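To start, the structure under review is shown below, and the notes come after it.
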Amino acid sequence: MPRSFLVKSKKAHSYHQPRSPGPDYSLRLETVPAPGRAEGGAVSAGESKMEPRERLSPDSQLTEAPDRASASPNSCEGSVCDPCSEFEDFWRPPSPSVSPASEKSLCRSLDEAQPYTLPFKPYAWSGLAGSDLRHLVQSYRQCSALERSAGLSLFCERGSEPGRPAARYGPEQAAGGAGAGQPGRCGVAGGATSAAGLGLYGDFAPAAAGLYERPSTAAGRLYQDHGHELHADKSVGVKVESELLCTRLLLGGGSYKCIKCSKVFSTPHGLEVHVRRSHSGTRPFACEMCGKTFGHAVSLEQHKAVHSQERSFDCKICGKSFKRSSTLSTHLLIHSDTRPYPCQYCGKRFHQKSDMKKHTFIHTGEKPHKCQVCGKAFSQSSNLITHSRKHTGFKPFGCDLCGKGFQRKVDLRRHRETQHGLK
C-alpha cells in the first residue's frame, strides 16, 4: 500500500478535522482512490478487525445504526466522521486546528441553548395503603382536638381531678354524687348550682340555695340538645368547647336565674344582690327618720333625699321639681305619653314595669308582703311599710306650721289644705 494513501486517509479522519469543516471537506474525501475489490475487501475486513475501540466514542457505540454493515464503504453517513452527527460536539476533544470563527460559532450555540431544568415528579398518594392514609388523618384530627381543648381547660373543668378544689365544681361533683367524675361535664356550663356561686351568699346561703339556678331549664335544654346532636361523634375537648359556646350564644347576657321570681341576671353578684334585697328578708341598713330598711348603703343614701326639702331636679315642661333624677325621668314619660308596659290581663299600659307588676296583683289576688306582727298581707311593699307604722307609732311626716305628725304623706297634704288653707 503506497504511503501517500495512508497519509491522506489519516488526514481525512475526523480526529484531525476542525469542528466546522470547510467546503473542500467532501472534495478531499472524493479524491481518495478507492482500493480494488479484492484488495479493498481484504483491507476493510482487516481494518475492521484491527480497529481499536478507543477511536470510537461511547455515544457512537450506543447509537450505532443496525444497517451500518449494509452501507457502502465510501459513505460517511452514520459513521464517526459524519459532520452532521448530533453527538459530534459533545464527545470530540478540542483540536489545535480549530479556527477562531468556529470557536465563536460554538460559543454562540452554547449561549443560545436552553437552561437545564429538573423535571417535576408529583408524589403518588396511591403508593400508600388505605390503612396508612386513615392512620395519618386520624392522628391529625386527634392532635387538632387536643390543641383546641387545651385552651378550654383554663375556663372549663371537665371532671373531678385530684389536686383541684371542690368549690370549682357543682354540688354533685363536690359531694361525689351522680355527676361526679363525669368526663366532658363542664362545671361552668352545667345546669347544677355551683358551690362557688352559693358561697357568695354568706350567711344567707341556706335560705337562698333554692333560689339559685343556672342556666334556666328551657335554655339549658336548648344548649344541651344542641351540643349532643351536633358534636356527639367528636372528641371530648371539642364537645366541651361546643357546649360552652352554645351556652354563651343561646343564653346571651343573662344566664343566672332566680327561681322564685324568674328574674335573670348576667352575673352571680347581681343575683346575690337580688336575693339579699328581695327574698332573704334581711335589710341591714335602716333609715333613722322613717325606719325603712334597705339591703345596700347606697340605697339608704338615695332614700334620705326623700326626707330633705331640697328639690334640685326640675321638669322643663311643667316646672315640677323632684328630689331624684330617676323620679324626674319617670315624670317625663307622662308628657311623652309613653307607656311601654301593658298588663297581660286587661291590656292597661304603664310607664314603669314596677307599676305594671303592682297592677297585676289585682287580677291574680296575690299578696306577697305580709306583716310580721298581725299577719295582714298586702300586694305592695309600700302598703306594708305604711301599715307597720301603726304598730310602731312612727310618724315621719310633720307639719311645719303646727308640728302635728302623720304616718302617711297624703295625710300631711290633706292637713295642710284643710287646716291651713295651703295647697
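Placed from the backbone N, Cα and C atoms, the Cβ positions cover glycine too.
Looking at 70-92, 208-230, 369-391, the range tied to zinc finger in Swiss-Prot is 369-391. Residues 273, 276-277, 323-324, 385, 389, 392, 394, 396 of the same chain lie 6 or more positions beyond the ends of the zinc finger (285-307) yet place their CB under 8 Å from a CB of it. Counted with DSSP, the zinc finger (341-363) comes out as 11 helix, 4 strand, 8 coil. Tertiary proximity for the zinc finger (313-335) is limited to same-chain residues at least six positions away from its ends with a CB under 8 Å from its CB atoms, namely 302, 305-306, 351-352. For the zinc finger (285-307), the DSSP-based tally of helix, strand and coil residues reads 11 helix, 4 strand, 8 coil.
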